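Participant: The structure follows.
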Amino acid sequence: MSSKGLKSTKRKDSESSDKSDALKSKKPKIAPSNPTIQNQQHGKPKSFANNDKSVNLSKKERRVQAKELTEARKKKRKPHYTLEQELATLWEKMRRRDIGKDDRLKLISEALHKMKGKMHEIAGSHVSSRVLQTCLKYCSQAEKEVVFKELHPHFLSLASNTYAVHVLKKMLDGASKTQLSACISTLRGHVAPLLRHMVGSVVVEHAYHLANAAQKQELLGELYSTELQLFKDLNSTSEKRVVDIIAKLGLQKGSVIRHMTAIIQPILEKGIVDHTITHKLLIEYMTVADKTSAAFVIQQLSGPLLIRMVHTRDGSRLAMLCIKHGSAKERKKIIKAMKTEDKKSHVGSIASDLYGSMVLACIFSIVDDTKLVTKFIVRELEANLKELVMGKNGRRPLLQLLHPNSSRYFSHDDLASLDLSVPSLCLTDKSEALSETKDSDGKESAQEATEQSGLEENVTVAGSKKDALLRRHELLLMSGLAERLIDVCVENAEEFLKSNFAKEVMYEVAVGGCDGILLPTLSENLRELYVAIASVAAEPKPDESEKSSQHILEDFHSNRTIRRMVLDCPTFASILFKKALSGKCRAWAQGHCSRILSAFLETQDLQVREMAKKELQVLVDEGAIKIPETKKPE
């Protein structure tokens, strides 16, 4: 026998001996007294091991019995469980759309009567909170006051509850001025802790949205300084900016910065940045923050957090400041955050937003990495060009590329937001400029003057190193955006010219953009656009009965746009006259179209004037067309 065989037999003998010793050492088991255990040991199914009562129950009866046990447990765990069930039954009736007004009021009165004295206890329930919301929506003013009196003493505790917060929002919506003021006074001293709470911040934001100017300043005041939190009389509506408050009250700037930093830092770490009051706090913080603190905020916001903020005025301004003062890496994070992990892009919704569109305009004006901008922004804009051109806000990024910083297309507030800068981050350049113009006495240093100026406008910021014209050329021409834009204008020439918003983009494209950026690269494409417009204009004049479709030469918007194009684009004027107006001027000499005809004689281009003069001069002599003396060409 081999050695392996001997080893295996020895191992088996030792194992068998161990088992026998273990069996001898164990005490004898006592027979179980419970018959169910005996049945289980004898191999009988568990269903037969139950007591006699459960053996005779059917499957449906066992289900009912289990349900009753569950109900009993819930009653022990929830003190108002029975009340909640009754309220849920009433709620299913009162929230129906086909119910009469009187019937609903009766149900609401019954529900409020059942909840009396217990509203603050059941407001945190996911069922009862919905019942309370419906009651507050439809109940009378007297009943609203009853609910307010019962919930107001528990306002702060309910503000942190996931379900009760919706009840408080509904209560604030229907609150009188006195009640709203009482709620805001209750929040005094607790604004900062609630803003750091994911649920509580919703209540503060809702109260801030409904508050008047003085109440808003009261809520913001305790976020600026400890003194403003402790002494209510220090808050004033005349000084709203932190810089002005520090100057008036003589507060220590360092203390204010430390107080605001202690509030802002946990808010940014938790990512609670969706609220208007937070945006206002951050934009004011940037006016007084030192270089390190401001850079920290920009670093924290650069990414997905910033995309959630661009829908408000202050949020979009914060985004512009982050783009302007952020590093190349931070700008890259901001732009990449516009596309989520599931490849869903936010660019379209941002471009269609009133304030978000200005963020895209700022990116087009500052970011030097045009390949990155083309990949993540321009390609998304190309997919919805028609909707963007026709939209009031969507056209603004396109107009910023075609005609940057034009007061014709951007309001004073829009242009001011594009020029904003953080004083501490552009302190060096500003100090050098102020040192040259400083008085010989030198009572105030350049640094002190800069610190007191807040967010300065028209400050030279080294936010971009690339030439502006070169950047526009890369974003418009090298990316293919301009060519695609011209094609869309050709396909929708009549619709765009008659649109109140799209006509501006049509004009800028037709004249080649500011500084003629589209010329001569896309001259042939623009010629196709001119022919398309002239072809629509050459269509016969509709009958007076067809009022639904007005001719492009007589429409209010298209008429004025075509006149501007005739004055500023000689090539278009020549094609339009030859294709649509030659030999037909007398028929079009009445109405709005006469303004287009007079433009041919007012233009500075000599060839266009001579081409149209033969036919139009007769109408001028007859008085059919009038040209003011001030508009006659030299």
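Yeah, the Cβs are placed from backbone N, Cα and C, and that goes for glycine too.
Okay, these came from TrEMBL:
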| type | residues | note |
| --- | --- | --- |
| COMPBIAS | 11-24 | compositional bias 'Basic and acidic residues' |
| COMPBIAS | 33-57 | compositional bias 'Polar residues' |
| COMPBIAS | 63-72 | compositional bias 'Basic and acidic residues' |
| COMPBIAS | 433-446 | compositional bias 'Basic and acidic residues' |
| DOMAIN | 18-405 | domain 'PUM-HD' |
| REGION | 1-80 | region 'Disordered' |
| REGION | 433-458 | region 'Disordered' |
| REPEAT | 114-149 | repeat 'Pumilio' |
| REPEAT | 150-185 | repeat 'Pumilio' |
| REPEAT | 186-221 | repeat 'Pumilio' |
Participant: Sort out the residues at least 6 away from either end of the repeat 'Pumilio' (186-221), same chain, that have Cβ-Cβ distances under 8 Å to it, and list them.
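Facilitator: Answer is 152, 155-156, 159-162, 165, 168-169, 172-173, 175, 180, 228-229, 232, 234-237, 240, 245, 263, 266-267, 270, 272, 275-278, 280-281, 284.
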Participant: Where DSSP helix means H, G or I and strand means E or B, what are the helix, strand and coil counts for the repeat 'Pumilio' (186-221)?
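Facilitator: Summed over the repeat 'Pumilio' (186-221), the classes give 27 helix, 0 strand, 9 coil.
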Participant: Determine which residues of the chain contact the repeat 'Pumilio' (150-185) at the Cβ level, with the cut-off under 8 Å and only residues 6 or more beyond its ends counted.
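Facilitator: Here the qualifying positions are 116-117, 119-120, 123-126, 129-130, 132-133, 136-137, 144, 194, 197, 199-200, 202-204, 206-207, 210-211, 215, 218-219.
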Participant: Tell me the residue counts in helix, strand and coil for the repeat 'Pumilio' (150-185), as DSSP assigns them.
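Facilitator: Tallying H, G and I as helix, E and B as strand, the rest coil: 29 helix, 0 strand, 7 coil.
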Participant: Counting by DSSP secondary structure, give me helix, strand and coil numbers for the repeat 'Pumilio' (114-149).
Facilitator: 26 helix, 0 strand, 10 coil
Participant: What mean pLDDT does the predicted model reach across the repeat 'Pumilio' (150-185)?
Facilitator: 95
